[in-house]
Amino acid sequence: MTGHRAGQARRTGRPVARLAARLVAVVLVVWGAATVGFFSLRLIPGDPVNVLIGLGSVSERVRDQIREDWGLADPLVVQYLRYLGRLLQGDLGTSYRMQHPVADVIGQQLAPTVQLMVLAIAFALLLACGSALLGRDTRTASVAGLLELVAVSAPTFWIGLVLIGVFGFGLGWFPVVATVGFGALVLPAVTLSIPVAGIISQVLRQGLDDAEALPFVATVRARGASSTRLLLRHTLRHAAASSVTLTGYLVGSLLGGSVLVETVFARPGLGRVALNAIVDRDVPVVLGIIVLAAVVFSLVNLLVDLVADRLDPRLAAEQAHA
Amino acid sequence: MNLVSVRNLRVTLPGSAAAVVDGVSFSIAAGQCFGIVGESGAGKTVTARSLIGLNPDGARVAADELTVAGVDARNLTERAWRRLRGAAVGLVGQDALVSLDPLRRVCAEVSEPLEVHEPGLGRADRARRVLQLLEQVAMPEPALRARQYPHELSGGLRQRALIASALAGSPALLIADEPTTALDATVQARIVRLLRELKESGLGLLLISHDLAIIRQLADEVAVMKDGRFVEVQAAARLFAAPQHPYTRGLLAAASLSLAPARPPVGEVVLAARDLAKTYGRAGRELRAVDGVSFELRAGHTVGMVGESGSGKSTVARMLLGTETPDRGDVRLHGEPWSSLPESGRRARRGGIQIIQQDSLSAFDPRASVLQILSEAIGLNGTPRRLRKARAVELLLQVALTDALLGRRAHQLSGGQRQRVAIARALAREPSILVCDEPVSALDVSIQSQVLELLASLQETRGLAMVFISHDLAVVRGLSHDILVMKDGVVVEQGAAAALFRAPQHPFTRELLAAHAASPRGRSSQTVS
């Protein structure tokens with residue numbers, strides 16, 4: 001067993017360095033997103049002061065005072081550096097509209113969206129696996145293909161409305177407008193998961209087909225393994241290794257999809273916050289959401305890379321080699 | 001009792017009316033090896049797969065008798081086949097890199113038949129059995145290897161792991177389908193030894209190979225298969241001593257030529273030498289180094305030039321490269337003038353024809369690292385500086401070296417490594433022609449065969465044309481499609497390799513062949529004659 005430990009030690013030496021490199025990449029991505037977001041939002045025409053004062057009218061002196069207070073009178077570069085400085089301390093600024101710290105605004109609405117997304121991912125994986133397995137049998141493969149096509153091409157809001165109509169109003173299985181409890185989460189999560197499930201299923205099925213064409217399959221079957229065993233112990237892992245990378249990107253798209261779903265189902269959440277902030281031109285909130293999305297996106301991709309390494313040891317070996 | 005008896009086996013595959021296997025009969029007893037030899041597409045693998053019910057979907061298998069391990073296997077259900085597979089019959093495929101699941105550790109792969117056929121076995125017992133199996137196939141450091149993945153093992157060790165996994169269900173019969181094809185010669189010999197030991201311990205063996213040498217070393221009885229039929233079935237000793245069927249004789253004759261390579265499709269003429277002559281020295285004391293050498297070299301082909309030292313081979317090589325101007329005749333590269341051009345006219349096309357020399361130690365700048373050596377050649381193609389290192393690593397991988405060598409200098413490399421670096425440097429210019437002047441003469445025999453294999457595989461993958469120069473007939477023989485035999489600056493015999501070795505015309509060629517056959521290497525490489 002000593003040999004085995006030595007082998008493990010050899011393998012862990014480099015992954016630490018690789019993990020560090022990947023974390024640096026996360027920081028760079030977030031910084032880039034914050035920078036691009038900061039400058040592009042300044043391009044939106046209109047005076048932030050109008051947003052700050054709302055509908056009331058004030059004198060020019062008051063306006064100048066407000067600019068002074070919010071630091072809007074300084075040169076853009078100074079504003080940018082100040083923003084970065086605060087960002088480093090975890091301060092996302094203050095909402096123009098609500099006059100609350102952006103972190104609080106986001107924090108209050110984070111939980112419902114996270115719940116929604118986590119459940120949607122779980123559903124998506126479940127549905128994708130189900131449909132991919134359905135597609136294994138030549139008799140049901142065309143059914144699986146059709147389901148995938150519908151899932152991928154149907155618009156989210158339409159799926160949402162259909163689900164509400166059937167399971168909410170029609171069958172009454174799930175509440176239509178409730179915002180608390182697991183039941184209220186099911187329909188939105190399913191709505192969000194369906195297009196994603198369609199894509200994962202397609203990739204998974206392709207991966208399974210590719211894996212079954214590999215020569216080792218003959219060896220496995222020659223050992224007397226059943227096709228179930230071949231699938232669960234061998235080919236599914238090959239297929240997962242090729243699909244898991246995609247899952248990372250889809251999580252990013254779920255974040256965008258939550259805007260639609262939260263609107264359709266009238267749920268609270270980040271999507272709504274983002275939508276309102278954009279409509280109201282509440283720049284600090286929009287920027288805060290951009291930064292948050294960048295953080296989530298790059299962390300998820302980091303996780304996906306690590307999982308992919310675990311699934312396919314050859315990847316880790318290649319990268320250690322490179 | 002026979003482990004397997006097959007009578008009049010016929011297999012048709014979907015999409016083709018003709019039977020892939022057409023009326024084949026044989027039986028295998030315990031401790032016996034039955035070999036099937038034939039070219040690819042002869043139906044060898046389909047025959048073998050019929051014994052474990054693993055032909056492609058839609059295949060139709062019919063037989064008067066198909067008994068596997070005492071079971072009539074003609075109409076078995078999938079479930080019944082699964083009971084036989086792994087437990088009664090094990091399968092060893094060609095290359096363990098692809099025949100083992102690359103995502104699973106060796107221990108998981110070896111123990112799978114145990115999990116399938118002995119579900120009652122506990123985890124600890126299974127682990128113990130896996131170690132025993134790995135020891136049985138003489139795997140060094142079995143506990144360590146069990147934890148590794150197939151890609152972390154060398155080709156030979158991987159193949160041992162594959163054999164261990166085939167043995168795990170304690171089958172009475174092992175099907176070995178080209179079990180050594182992907183391996184180097186020395187590793188091949190070890191795997192053959194392992195298979196022989198298994199056979200002697202009572203295992204039945206169905207051995208499939210296109211390689212007569214392997215069949216001869218293992219098989220007790222041999223079937224020669226062609227177009228789905230056994231054209232000849234004989235005890236091995238008889239078959240090799242007195243082949244009856246013309247096809248068998250043809251196979252044996254081809255093999256006795258130390259496996260002259262199969263001729264690739266006719267490519268375009270990339271290099272043509274016409275009546276080359278070169279004389280050194282002043283008038284009165286002239287040395288006719290080369291006189292009247294002509295040949296054509298086609299893409300993907302190798303012209304072998306054999307002769308003793310001083311016979312003018314290297315002079316020809318220099319004229320081909322354009323580093324020496326012929327006194328008479330000319331060399332044309334890709335149909336255009338080459339030797340007649342001034343050097344300035346040749347320079348732009350120099351990359352297309354590269355040389356590999358015998359002594360690579362002196363062919364490298366002793367102070368340059370491998371990276372510098374390769375980068376220089378890469379840079380000549382106009383590759384930007386920042387991309388050169390990546391390209392150098394790529395080249396090293398192509399010649400089966402690793403980037404660990406990038407920082408070494410020529411004298412810090414072994415002879416084999418150095419010659420591989422020389423090949424990598426030649427490849428850096430992306431040539432269509434390689435001139436190899438005694439490329440392996442300074443190397444040990446085992447390293448020689450590795451470098452030769454590398455050259456052959458590069459030729460196959462890149463369609464390289466090669467001029468291969470050696471004093472060693474064995475070396476030239478394994479690679480060349482056409483041969484020039486040179487003596488005192490003159491070509492004494494010239495022609496297709498197979499014909500030339502079968503029926504040498506010139507006394508000097510016969511002399512060379514005789515010397516080759518008498519040498520210990522010659523004899524061993526002529527195991528099948």
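Positions of Cβ are set from backbone N, Cα and C atoms, glycine also.
The domain 'ABC transmembrane type-1' feature in TrEMBL is assigned to A:110-308. What TrEMBL records for A:20-41, A:114-134, A:146-167, A:173-200, A:239-265, A:285-304 is transmembrane segment.
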Does the transmembrane segment (A:239-265) reach the transmembrane segment (A:20-41), going by 3 or more CB pairs under 8 Å (6 or more apart in sequence)?
no
How about the transmembrane segment (A:285-304) and the transmembrane segment (A:20-41): at least 3 CB pairs under 8 Å, pairs 6 or more apart in sequence, or not?
yes
Same-chain residues at least 6 beyond the ends of the transmembrane segment (A:20-41) whose Cβ lies under 8 Å from its Cβ atoms
76, 80, 83-84, 87, 283, 286-287, 290-291, 293-295, 297-299, 302, 305
For the transmembrane segment (A:146-167), what are the same-chain contacts with Cβ under 8 Å, counting residues 6+ beyond its ends?
127, 131, 134, 173-174, 176, 187-188, 190-192, 194-195, 197-199, 201-202, 205, 257, 260-261, 263-265
